[in-house]
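Notes follow once the structure below has been shown.
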Amino acid sequence: MKSMKIAVIPGDGIGVEVMEAALHILNTLDLDLEFIHADAGDACLKRTGTALPEETLEAVGEARATLFGAAGESAADVIVRLRREFDLFANLRPVKSLPGVPCLYPDLDFVIVRENTEDLYVGDEEYTPEGAVAKRIITRTASRRISQFAFQYAQKEGMQKVTAVHKANVLKKTDGIFRDEFYKVASEYPQMEATDYYVDATAMYLITQPQEFQTIVTTNLFGDILSDEAAGLIGGLGLAPSANIGEKNALFEPVHGSAPQIAGKNIANPTAMILTTTLMLKHLNKKQEAQKIEKALQKTLAEGLVTPDLGGKLGTMEMAAEIARHLED
């Protein structure tokens, strides 16, 4: 059986360190994966004159999936371009409490599905004599596609409810289209509960009653904001994985940035990167291996064998070694 090619882009700052930790754990398992290393980010820009070389784009295009560490100031030129270049339309942000990690809600388990290609993030802005104007683009095609993805994901994961988040009471045309397409898709899944909330109410409910949610689907800007808010419920961005999924390609990245202030000190928490690898494995139909890593990570966290940000004394690679040890349990 031919190995699946995985493009590996460590990027900048702690991205390099957490990627090393994740690869150490992946290499402990017999996964039939071939890792193709590629370059991108601030250091790449300084060295080559471009933050995202053509050879990196080629590597991503040829790979079954891409693991990405972190990008610094060049993040928009790297990750945003990769999302657009490969039409990675669905951003998946699981929100799940972890054992041994202090958090606001110890039993959370839901997901935010964010449309990744439209909204204000198309970057169509211009100055006017009085200020500036930005164009918000919401299409029926993209709204239907992301709603379809959300229902399919919820069904696959055994969830019973999908909630659309919008502001159609004010943004009547753009969010009106998003809400309309959501309910058209919902009609194809009569066995599932479909609800919708305004984004401001959702921001409150995430704090007061987050257990009510199972799958949230929303537009680009709202999803960006709400998913970071949700990460705060489970301990912060250092514990949050994400996936960017398209029809043909998929890219997996931790939510945290390059954190240059702690880069090179061997204290970066690898949890988000390791959970990101489990999302990749599930996408590649290696669910058993993903669950094995998740259980090993949970044991390590429960034992307090963690990095300083979680109250422990281990370095990045030391924590990775403990997780790898638990893979053998």
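Glycine residues also receive a Cβ, built from the backbone N, Cα and C atoms like all the rest.
What Swiss-Prot says about this protein:
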type	residues	note
BINDING	Arg83, Arg93, Arg114, Asp200	substrate binding site
SITE	Tyr121	site 'Important for catalysis'
SITE	Lys167	site 'Important for catalysis'
BINDING	Asp200, Asp224, Asp228	Mg(2+) binding site
BINDING	Gly257, Ser258, Ala259, Pro260, Gln261, Ile262, Ala263, Gly264, Lys265, Asn266, Ile267, Ala268, Asn269	NAD(+) binding site
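DSSP assigns Ala259 (NAD(+) binding site) to coil in the three-state reduction, outside any helix or strand. Gln261 (NAD(+) binding site) and Arg114 (substrate binding site) have their C-alpha atoms 29 Å apart, to the nearest angstrom. Using a 10 Å Cα-Cα cut-off around Asp200 (substrate binding site), the recorded positions Tyr121, Lys167, Ala259 reduce to Lys167. When each of the binding-site residues Gln261, Asn269 is scored by how many other Cβ atoms sit within 10 Å of its Cβ, Gln261 comes out lowest.
Between the listed recorded positions, namely Arg93, Lys167, Lys265, the fewest other CB atoms within 10 angstroms of a CB are found at Lys265. The recorded positions recorded for this entry are Tyr121, Lys167, Asp228, Ala259, Lys265, and the Cα of Asp228 lies nearest to that of Arg93 (substrate binding site). The Cα of Arg114 (substrate binding site) lies closest to that of Asp224, out of the binding-site residues Asp224, Ala259, Ile267. Recorded residues Lys167 (site 'Important for catalysis') and Gly257 (NAD(+) binding site) have their alpha carbons 29 Å apart, per Cα-Cα distance.
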